[in-house]
Structure formats: structure tokens, C-alpha cells
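Participant: Dumping what Swiss-Prot says about this protein:
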BINDING   CYS38, HIS63, GLU64  Zn(2+) 1 binding site
ACT_SITE  THR40  active site, charge relay system
ACT_SITE  HIS43  active site, charge relay system
BINDING   CYS93, CYS96, CYS99, CYS107  Zn(2+) 2 binding site
BINDING   ILE175, ASP195, ARG200, LEU262, GLY263, ILE264, ILE286, TYR287  NAD(+) binding site
Amino acid sequence: MKALSKLKAEKGIWLVDAPKPVMGHNDLLIKIKKTAICGTDMHIYNWDEWSQKTIPVPMVVGHEYVGEVVDIGQEVRGFNIGDRVSGEGHITCGHCRNCRAGRTHLCRNTSGVGVNREGSFAEYLVIPAFNAFKIPDDISDDLASIFDPFGNAVHTALSFDLVGEDVLITGAGPIGIMAAAVCRHVGARHVVITDVNEYRLELARKMGATRAVNVSKESLKDVMKELGMTEGFDVGLEMSGVPSAFHAMLDTMNHGGKIAMLGIPGGEMAIDWSKVIFKGLVIKGIYGREMFETWYKMASLIQSGLDISPIITHHFKIDDFQQGFDAMGSGQSGKVILSWD
């Protein structure tokens, strides 16, 4: 089968002929229709420090996808051949304390599809049936292929009550932009998103952000005055991993504010903890998606009218994968989709 593999311990990714994956008794075999390129895939493509420590070579990568079930393990119940599915990319152990308590997204033994095991940049993928999610008929393949990052946005955004609240999002990558759309859809008052990338900020405006702020040109505090905000933001969603962005968030949070952190700093990050203490801030770390409550919420949000389609800006056939990675690497894109049909 065709697959995109990290063949060498250097920058790049290669289109190869790989063996079809072998299915177990509790697995599904999925014929891939569309995949999306994630920021994690770009780290692997660029072979950065994290990738060098994490990714075995060779490895078929990718974890954002939609496909069709073409074979079912003999112990699997609840799925049929022909079902359209996406899937949770975190394969959990099922026996640690968190898994047994139903908190599977906090499994300490998580294995990542396309990171620790063969991924979805291929004509076929095998995953445990437990990890598969049936896609409702009224949700398109394009949207289903980005459910993984959309889930990051939904998990982060819905960590705290948003109705009538003022929300600051630092980092206008695709996940931050989708989070802005979620916040507006569920009833936040002002949703302000910050970045220095004008292309991404314009996408955020299209997706419903009240104000998309280029912090290299505008002061966040001036924007707050413009919006009539006198006390600070009630909810912060940190999506960038950039220390200066998080510091700006701490400066502008209201007393009693709540912060959800998805962005991963490049290293240790010093902060002024006195601001956290004296403001009585709550900080929550976010990893992945809640299984499977986040997935049901994703589908319900789209079915209730949330439109995240503007975040998809580029489509390529799999043979043109290099153009897709170039588009993602340019910073002048939203989500990039590769078609395997």
C-alpha cells in the first residue's frame, strides 16, 4: 500500500510502498479516505529535538483521518463493514488507575498513533475498535478528517463555563482558531485571540473572533479598553507555548479567572507565581481529548450549526504530499488535507 513514512533520521518524509497492517481480534481495518497534516507531523517532518527523542525510524506517521471500515476483528461488536469512522489517536492501556476510573485521556501508558505506532498516512490503518468513532451522515469527510485537532480545541475551550464570559486565546494556530469559534458558538461575550501571523489572524476573524490582535502592532490592554472591559478576562486558553504570550495572559486575567493550557513550551518557563496566587487563578493542563465525551460534543456542535469549514484552506492528492507539507510549513495555511482516494 502507499504510505508516508519517516524513513530517515533527517528532515523530510517519503512516499513508500508499505505492507498492509495486520489486524487483531479487537481491531478495525480502516481504508483511509482523507488525512490532515498536524503540527506534530511538521515536528516529525522537520526532525526537531522532540522527534529525534520520540519517533522510531522507519515509521508511518499521521493521526488525523477519516476512512471506511473494511474488516472487523472477531471480538469486535458495534461496528459494521462500511461504517465511516475517525478515531482517537491515543491508544490507552485499560488497566492503570485512570483507565479503570474512566479517565482514559489521563492514561499514563498512552501510545500515540503515528508517533509510537504505525499511523494514518497510509491507504490502510489498524486501530483498536475502542478508539474508533462513527461519523454521523451529516458531517463531511473534510470535517471528520480534522476531528482530532478539533477535539483539542473543544476539550480546551469547554474546560470552563463560557456563557457571558470574556475569553482570551493566545495562539492563532488552527486549534486556537477553532477554539475561538467554539467559544462564540456556546455563548462567550468577547473572544479575543492574539498572534503575530496576519494570515492566521484573518482566519480567526472569519471564524468569529471578536478581535484578532497582532501583538507586534497592537496593545492587548488597548483592545480591552476598546471593548469596554474594565476587570480582565474571565477565561484564558493558552494555545501557543510561547512564554511572552502566557505572561500577557497572566497580566490581563481577572481575579478568579480560569486558564486552560494546551500549548507546550519549548523548555522550562519561568512565570510570576505571585500573579497566580494574588489573583486566585485556576490553571488546568489539557492533553488530548476526553474519551469519548469530547468526540460526542464535537459532532453535536457541528450538528447544531457550528461552522469550522473555513479552517480548511488547502487540499492535495497524496502524490502531491510535498506541496501540502510546504503549505503547512509556510505559516500561510489553516488545515491542509491530503486525499487518498
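Backbone N, Cα and C define each Cβ position, glycine as well.
Relative to the rest of the structure, where do these features sit?
Facilitator: All protein chains included, CYS38 (Zn(2+) 1 binding site) registers 24 other Cβ atoms within 10 Å of its own Cβ.
Taking all protein chains in view, 22 other C-beta atoms sit within 10 angstroms of the C-beta of THR40 (active site, charge relay system).
When Cβ atoms from all protein chains are considered, those within 10 Å of HIS43 (active site, charge relay system) total 16, not counting its own.
Within the same chain, the residues at least 6 positions away from CYS99 (Zn(2+) 2 binding site) whose Cβ sits under 8 Å from its Cβ are THR92, CYS93, CYS107, listed in sequence order.
Within 10 Å of the C-beta of ARG200 (NAD(+) binding site) we count 23 further C-beta atoms, all protein chains included.
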Participant: Cα-Cα, whole number of Å: ILE264 (NAD(+) binding site) versus HIS63 (Zn(2+) 1 binding site)?
Facilitator: 19
Participant: Find, among the binding-site residues listed as GLU64, ASP195, the one whose Cβ has the highest number of other Cβ atoms within 10 Å in the structure shown.
Facilitator: GLU64
Participant: Ranked by the number of other Cβ atoms within 10 Å of their own Cβ, which of the binding-site residues CYS93, CYS107, ILE175, ILE264, ILE286 ranks first?
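Facilitator: The most densely surrounded of these binding-site residues is ILE175.
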Participant: Could you state, as a whole number of Å, the largest distance between Cα atoms of any two of ILE175, ASP195, ARG200, LEU262, GLY263, ILE264, ILE286, TYR287, the listed NAD(+) binders?
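Facilitator: Overall maximum Cα spacing for these binding residues reaches 23 Å.
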